Amino acid sequence: MDIIGGCSSQLLASRIAEKIDGRLILAEFKTFPDGEQYTRLLDAVDDEVVIVQSTPTDSDFINLLQLIDACTDAKITAVIPYMGYARQDKQFKDGEAVSARAIARSLDVSRVITVNIHEDSILSYFNTRAESLDATNLLAEHLLDMDLPNPVIISPDKGAIYLARRAAAVMDADYDYLEKKRLSGDTVAITPKKLDIKGMDVILIDDMISTGGTMAEAIATFKSEASSLHAACVHPVLTENAVLRLFHAGVKDIISTDTIEKGVSKVSVASLIASAL
Ligand code: R5P
């Protein structure tokens, strides 16, 4: 099988190719002086190809569209480990574009594979078979290997409690969740909740960390009582000063997967995607 790594997922694509013994296709990415992008495949592709490209930015999404276009004659599986715009999965106000739907409808491929998509309902927006893989076990195995003496897993909002529950099952630990209210793009309010975390190693887990506002606020809730604090997520969007924000707030480390390739991407989802392929 031919594997193409888009500009944002070159490492993950290479890891997947190795796992499935696929042929890694060389591609070229350039940016014109006016900011437009240029994408070219330097190897001919077979009848079936897998394109691996996360879309944390608009230009990553354009790159994905260009790669799909360059493979027009092939049967394409688009692996989008992190799909941007997934948080606009419905109309919250009249007149809003459902961005996740707009993205999904624009992809002319035979199959879509993503990882921990923000809401499963988005899968129905694709015109083709689409599935969301769950990387929680891989994250939890890494957290287990850290040998924390008294781990407890907490999600910073109710929407992510499923991640805390699944990770806690792997780690044989307790789990809970906090109540969050978003105040603006980068600030949230967390309702204080009485949790017995004295002396515990608190692992906060979420599907993504973007500005770090959610995690920083959650960390503040526990800082005085916890023995240690760790932030874990599937998708390390980590915009602007999010990393500084979390360490400044008191985390010992940030652990994420390589759905977005960052310095904190300690856990690879390559095996998960390879199995699905
Ligand atoms: C929201 O529903 C998500 O699950 C995350 O909690 C959120 O996107 C994190 O964003 P930020 O890091 O900007 O607070």
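Every residue gets a Cβ built from N, Cα and C, even glycine.
TrEMBL labels come from automatic prediction, so no person has curated them.
DSSP states for the domain 'Ribose-phosphate pyrophosphokinase N-terminal' (1-108), grouped as helix (H, G, I), strand (E, B) and coil, give 31 helix, 28 strand, 49 coil. Among the features that TrEMBL reports, domain 'Ribose-phosphate pyrophosphokinase N-terminal' is placed at 1-108.
Using a 10 Å radius centred on the Cβ of Arg87 (ATP binding site) and all shown protein chains, the other Cβ atoms total 14. Feature annotation from TrEMBL assigns ATP binding site to Asp34, Gly35, Glu36, Arg87, Gln88.
According to DSSP, His118 (Mg(2+) 1 binding site) is assigned to coil rather than to any helix or strand. Per TrEMBL, the feature Mg(2+) 1 binding site maps to His118.
The helix, strand and coil residue counts that DSSP assigns across the domain 'Phosphoribosyltransferase' (125-235) are 35 helix, 39 strand, 37 coil. If you look up TrEMBL, you'll see 125-235 marked as domain 'Phosphoribosyltransferase'.
Per TrEMBL, the feature Mg(2+) 2 binding site maps to Asp157.
The Cβ neighbour count for Lys180 (active site), using a 10 Å radius over every protein chain in view, is 21. The feature active site is assigned by TrEMBL to Lys180.
As annotated by TrEMBL, D-ribose 5-phosphate binding site applies to Arg182, Asp206, Ser210, Thr211, Gly212, Gly213, Thr214. Listed in sequence order, Pro156, Asp157, Lys180, Val188, Ile190, Asp206 are the same-chain residues at least 6 apart in sequence whose CB falls under 8 Å from the CB of Thr214 (D-ribose 5-phosphate binding site).
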Those same-chain residues, other than Arg182, Asp206, Ser210, Thr211, Gly212, Gly213, Thr214, found with Cβ within 8 Å of the centroid of the D-ribose 5-phosphate-site Cβ atoms are Asp186, Val188, Ile209, Met215, Ala216, Ala242
Should we count any of the binding-site residues Glu36, Asp206, Ser210, Thr211, Gly212, Thr214 as near ligand 1, judged by a CB under 6 A from one of its atoms, and which? Asp206, Ser210, Thr211, Gly212, Thr214
For the binding-site residues listed (His118, Arg182), most other Cβ atoms within 10 Å of the Cβ sits at His118
Including all protein chains shown, what's the count of other C-beta atoms within 10 A of the C-beta of Asp157 (Mg(2+) 2 binding site)? 18
